[in-house]
């Protein structure tokens, strides 16, 4: 009987160690080295004449991550692009994502200084306005532009009123 119990215990320990190796804590995309693409938002957040919004990792220092925010104005051909630096900070498991932006980014993209993290995994992120829960944005890595993770997609669709998905435009990747 002791041999059977010790065999079961050994099997449990082995299974637990394998599970813990494969199901760790997800990486927060906003502070990772991945490029993030805005693929959805609440319809009331639509910004006329701004498309192709993405954010690339630049560096980190003192708990803040520097990212470039890139976006296009599709008014004339060729499209005019703009790039600015923002800083983001997120404490592990925290509800809030903090952001420092330039005046231009704040004006062009109507950014806030804090966002509520509604859902995230290694490749996707749903944020909402701290004061206006109905204002949400959905960000994914390039690998997930065509296949948004189900839990993230469900969170975006159910928590964000009148969700809008941004259409893929090849002009975003010409430059």
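Here the Cβ of each residue, glycine as well, is placed from N, Cα and C on the backbone.
Here is what Swiss-Prot records for this protein:
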- 52-172: disulfide bond (DISULFID)
- 136-160: disulfide bond (DISULFID)
- 153: N-linked glycosylation site (CARBOHYD)
- 1-24: signal peptide (SIGNAL)
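Other Cβ atoms within 10 Å of the Cβ of residue 160 (disulfide bond) number 25 in total over all chains. Figure note: comparing Cβ neighbours within 10 Å for the disulfide-bonded residues 52, 136, 172, the maximum is reached by 136. In the three-state DSSP reading, residue 172 (disulfide bond) counts as helix. Using a 10 Å Cβ-Cβ cutoff, residue 153 (N-linked glycosylation site) registers 21 neighbours.
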